[in-house]
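Right, one structure below, let's go through it.
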Amino acid sequence: MSVHIEAKQGEIAESILLPGDPLRAKYIAETFLEDVTCYNNVRGMLGFTGTYKGKRVSVQGTGMGVPSISIYVNELIQSYGVKNLIRVGTCGAIQKDVKVRDVIIAMTACTDSNMNRLTFPGFDFAPTANFDLLKKAYDAGTEKGLHVRVGNVLTADVFYRESMDMVKKLGDYGVLAVEMETTALYTLAAKYGVNALSVLTVSDHIFTGEETTSEERQTTFNEMIEIALDAAIQQ
C-alpha cells in the first residue's frame, strides 16, 4: 500500500492507463478489459486491473492538474514498479485545423506550472514522451484510419484564465492544445527512468467555442482509449 493507493503488491500491472476522471477509469475497465478487479477506491480515485487482448494492464484515475497526477505517478512508480504510463484525457484545441474529437499525441509539453522551475532553478526543463510508446500509439491510430496529430501541448495550471493572450501566442508557435497534466507525467517518467505518453482527445476548441458534453467526455472517445491500450500491451 501507498498513501493514496490501497493495492497490494502485484495487483497493478507494469503498463497502466491514466485518465484524470475516475469514472472514465471505471468505463475503460468495464468496456475494454476482461477479468477485471478493482484495487483502489481511496478518495474515490478508482483503479482497476484486467486483461486486454490477453495481456495484463491497469487503469488508474489521477484527478486534475499537475499536483494530483504527480501524487499517483510517484506512488505507482515508487511503490508498485509501474514501467509504462499512458495518460488518456481531454484537451482544448488552440489551432484552427485541430477539430473536436481529433486525437493528439503529445510529443512534449510546455507549461506555466512552477513544478519544474522548483526542481531546476534558473532552467526550463523540456520533458518529452517515450519515443517507442509514441510510435506504437501513432501507428495504432493510423492503422485505424484516424488523423492523429503529434506535437507540443500546453500543460496549464489554470482552467479559468482571465486572459487568453498567452494561449494565443503559444498557438502562433505551433502548440496544438491545452491540458493540465502531461508535463508532470513526462518529468516524473524522466526522473525515474520509465516510459510515459499522453494520448488526448480534443473535447472543445478554445477559440471557436465548439465543445462536447461532460457525459460524452466520460463515456466516449473510444478511439483514444484503444490507441493507448494497443500501445501499452506492446511494451
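Quick reminder: no glycine exception, Cβ is built from N, Cα and C everywhere.
Here the structure is a predicted model, which means the values were calculated and not measured.
Features as listed in Swiss-Prot:
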BINDING   His4, Glu162, Glu179, Met180, Glu181, Ser203, Asp204  purine D-ribonucleoside binding site
BINDING   Gly20, Arg24, Arg43, Arg87, Val88, Gly89, Thr90  phosphate binding site
ACT_SITE  Asp204  active site, proton donor
SITE      Arg217  site 'Important for catalytic activity'
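Known features from Swiss-Prot, placed on the structure.
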residue	record	Cβ within 10 Å
Gly20	phosphate binding site	22
Arg24	phosphate binding site	22
Arg43	phosphate binding site	11
Arg87	phosphate binding site	25
Gly89	phosphate binding site	26
Thr90	phosphate binding site	23
Glu179	purine D-ribonucleoside binding site	25
Met180	purine D-ribonucleoside binding site	25
Glu181	purine D-ribonucleoside binding site	30
Ser203	purine D-ribonucleoside binding site	23
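Summarising the purine D-ribonucleoside site geometry, the residues cited as binding it (His4, Glu162, Glu179, Met180, Glu181, Ser203, Asp204) extend over a maximum Cα to Cα distance of 33 Å.
Arg24 (phosphate binding site) sits 14 Å from Ser203 (purine D-ribonucleoside binding site), taking the CA atoms of both as reference points. Of all the Cβ atoms in the protein chains shown, 17 others lie within 10 Å of the Cβ of Asp204 (purine D-ribonucleoside binding site). A Cα-Cα distance of 9 Å separates Gly20 (phosphate binding site) from Glu181 (purine D-ribonucleoside binding site). Sequence-distant neighbours of Val88 (phosphate binding site) (same chain, 6+ apart, CB under 8 A from its CB) are Leu17, Leu18, Pro19, Arg24, Ile28, Val199, Leu200, Phe221, Met224, Ile225, Ala228. Highest local Cβ density among the binding-site residues His4, Glu162 belongs to His4, counted as other Cβ atoms within 10 Å over all protein chains shown. Taking Cα separation as the measure, Gly89 (phosphate binding site) is nearest to Glu181 of the binding-site residues Glu162, Glu181, Asp204. Closest in space to Asp204 (purine D-ribonucleoside binding site), of the binding-site residues given as Arg43, Arg87, Thr90, is Thr90, taking the CA atom of each residue.
A Cα-Cα distance of 26 Å separates Ser203 (purine D-ribonucleoside binding site) from Arg43 (phosphate binding site). Listed in sequence order, the binding-site residues near Arg43 (phosphate binding site) (C-alpha within 10 Å of its C-alpha) are His4, out of His4, Glu162, Glu179, Met180. Secondary structure at Met180 (purine D-ribonucleoside binding site), as computed by DSSP, is coil. Taken residue by residue with DSSP, Val88 (phosphate binding site) is part of a strand.
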